[in-house]
Amino acid sequence: MPEQLSVAEFLAVTAEDLSSPAGAAAFAAKMPRCRGAALAREEALEGDQAILQRIKKAVRAIHSSGLGHVETEEHYREAVEALGNSHLSQNSHELSTGFLNLAVFTREVAALFKNLVQNLNNIVSFPLDSLMKGHLRDGRHDSKKHLEKAWKDYESKVAKLEKERDRARFPGGSHGVMSQDTQRERRVFQLHMCEYLVKAGESQVKQGPDFLQSLIKFFHAQHNFFQDGWKAAQSLSPFIDKLAASVHGLRQAQEEELHKLTQLRDSLRGMLHLESREDHPNRKNSGGGYSIHQHQGNKQFGTEKVGFLYKKSDGIRRVWQKRKCGVKYGCLTISHSMINRPPVKLPLLTCQVRPNPEEKRCFDLVTHNRTYHFHAEDEQECEAWVSVLQNSKDEALSNAFHGEPSGGQWSWGTRLDTEPHDLTNMLVAEVKSRPGNDRCCDCGAADPTWLSTNLGVLTCIQCSGVHRELGVRFSRIQSLTLDLLGPSELLLALNIGNSHFNEVMEAHLPSHGSPKPSAESDMSSRRNYIVAKYVEHKFARHSTPDPQKLRTAICSRDLLSVLEAFANGQDFGQLLPGPDGQAPGELALHLAIRVASHASLPIVDFLIQNGGHLDAKAADGNTALHCAALHGQLDCLKLLLRGRAPVGAVNDAGETALDIARNRQHKECEELLEQAQAGTLAFPLHMDYHWGHSMEHGFDSEEEEEEEKHCPSKPPAQACWGSVRLDISNKTYETVATPGPATTQSQSEDSPPPLPIKNSSRTIVLGRAGHCSGDRSDLPSLRSESPEALENRSSPASSSSSLTSSVEPGGLSQAPSSPEEGLQESASISRPGLASGTTSAEVYLPVKFSSESTRSYRRGGRSLEDSPSARQPLCSRRHIPVGLVEGDGSKIGVLPDSLQLLHD
């Protein structure tokens, strides 16, 4: 594009062309620049027109929304004014005055804003409208068209003259002759150029200075708006300052009233709760006390059902398999196709029943680890199963809330499923029987059922809520009745308890004016006390944290001293001093694992759950998991894995705990770590700990006994309870206790399993043998005899039907000190002592019986003389103590002389 020509240059060139013929040539040369200037100016004007159109739309939107804002603000003012009048009618003069004055201020500001919006419309919007409409009527486009036509005429004339000159064969013409011939065309072009520049100039004035002047006027309107609004706000500012102070006082007064009302409400709720429990004691099994927002079953189907369902397999093929199912005592049992496999037992409290809306004959049972898909014969059968499952679940839930055990719940089904539950139930009962555990650890409420697993204390439901607010860093709350606890989670509760815990944590509790809440205290006082006790350790037995004392407590297995160190703020992540005051050696948890035994497992558990730093490394880079694998501490390893210790951590040598277990050939630790690393570790884990309880399992039939004996999948009862320090002999022939460690022996044909219990009222009696002649006075004798047996001994019928043994009362005597003193005895087996007047020849080894012989003396019908044992030389047939070996060979019982042992 040629260079543009300004208006001043156009005026100068045109004046020169008009004044002298010489200027014609100069103007002719600049005519293209004149045309380019006109085109550029037109393009700029068109761009400005588009921008002004956008401004016009924005101004209209502001005006419209401004009017809407003014209207909405007027509604707001009316509402505030109505609120002020309402408070005025309630004699709340301070509040009403504030609302009314702010309503007046809102009205003033709204009026100012409305005026501003109107000024925007008048000052800006109207000029824009006239400008846009004048753009269509100013004739600028016509002038531009005429200019273009004049330019074309001029070019046509010049081209025509050049052709004529070429036709006349003139080598060239002078510029003067050419200028004279095109003079008219130049004048027409100059005229239209002037007209266009005039029209374009007028448009530029309107779009530029005139519109800017309008914006300046609107600026003054805005300035006045803000100035008037500032004046209105300044006039109201002193009143607002006074109002803020009075409102603060009113708020404090109302908060005090609300606090008192809240306390009254809590006390009334507690009273109503107690009354409801007293007035409705028989609503235990109704299920109406708890509304579960799930599918509700039809109550007419009951809570028990046995039948067949089709279950979709969980394998690759996923086929429907017919399985016998039963619902009873809040559990669903699913039998396998193989009879010798125990059925699957699912507690319904942790399941959810979901009917299939698409297929009416199907329903799902969602458990914690998988979803079971069931298919019934028809829709009615499906509805019955769903209703029974939901009803049984509701019944179990209601029983759990009312503290009732599910009758027969753990006795129905297979022994394999019931043993962990039996152990947990016994341990829970033992925890509740510990000193102080019959009352809440914090408020003293009766029958607490909520356990802090990391502290080993029992609390009521109100205090447990505050414990949950503290977080798991301070207290990990679980229910003894609602949650499925494992034995390891009761470890600290069995070894600490409320009494011992409060001896440390409430040692400095004031006796007068004590802040300790009661069972009737509100939640605020409970919260303040529990925070002071568990977070601040305000009432604990204070002493200076001493790492040496902590080391001594761990080595001496003193759990309460470790608890006292915890109360004093001892950092368990601090390196403990070495023995005899040497340089710092290892961490507290590492030391506890290294010296761990059955008696010190509670200390390890306490350190793990209360800041034991599971990922902390010792000087050699080993974590606590490495240390447990290094020393083969299987139970410590289980506690660490339960506490989510990092399995993949490596030490300075680049070894994981699994590598160490493999190198040390600790097979059990290796298997456990492999399961943890693969993510297949199942909780809870069995702990080989001296729980202090023993169990004797009976059998309902001989077939069940044989199955238990030969089934490799079922661990023997003694293997599960091998850590119990008190051996209990066969309860059929009175209970005889033998001290010493229990030995685990395999079941064999020569050692039948224990016999069923026939008299549960008999208790353990520890006796001491009387001194007798010879060198047999040091043999232990543990015998007991019920009064009924003594009374009925003279009766022939009683001698043939009842099974008794005579044991003299007394304590335990010491074992033989040398082999020359008597017969050799195996570990954990004590033999009967000599009665007064019995010679050494009358003492015999315990007799082992095969399973066939055991059944023989049950049936009866053969005499003792037919057996091989009867052919042994006996001095006397009466009052001879005979030993009976238990099923695993580790326990014996003493049989009465009246018992006729029949042997094939």
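Keep in mind that glycine also has a Cβ here, set from the backbone N, Cα and C atoms.
As the structure is a computational prediction, the values presented were derived from the model and not from experiment.
Annotated coiled coil per Swiss-Prot: 142-169, 249-273, in sequence order. As annotated by Swiss-Prot, region 'Disordered' applies to 275-297, 697-716, 735-877. Among the features that Swiss-Prot reports, repeat 'ANK 1' is placed at 584-616. Look at Swiss-Prot and you will find 620-649 tagged as repeat 'ANK 2'. Annotation source Swiss-Prot lists zinc finger at 440-463, citing sequence analysis.
Here the repeat 'ANK 2' (620-649) has long-range neighbours at 488, 587, 589-590, 592-594, 596, 598, 601, 604-605, 608-609, 612-614, 655-658, 660-661, 664, 666, 668-669, 672-673, 676-677, 681, 683-685, 687-689, meaning same-chain residues at least 6 beyond its ends whose C-beta is under 8 angstroms from one of its own. The average pLDDT computed over the repeat 'ANK 1' (584-616) stands at 84.
Long-range neighbours of the coiled coil (249-273) within the same chain, counting only residues 6 or more positions beyond its ends whose Cβ lies under 8 Å from a Cβ of the stretch, are 94-95, 520, 522-524. Secondary structure of the repeat 'ANK 1' (584-616) per DSSP, as helix, strand and coil residue counts: 19 helix, 1 strand, 13 coil.
For the repeat 'ANK 1' (584-616), the list of distant contacts is 453-456, 476, 488, 491-492, 494-496, 547, 550-551, 553-555, 557, 559, 562-563, 566, 571-578, 622-625, 627-628, 631, 633, 635-636, 639-640, 643-646, 649, 687-690, 723: same-chain residues at least six beyond its ends, Cβ to Cβ under 8 Å.
In terms of DSSP secondary structure, the repeat 'ANK 2' (620-649) contains 17 helix, 0 strand, 13 coil.
Summarised by DSSP class, the composition of the zinc finger (440-463) is 3 helix, 7 strand, 14 coil.
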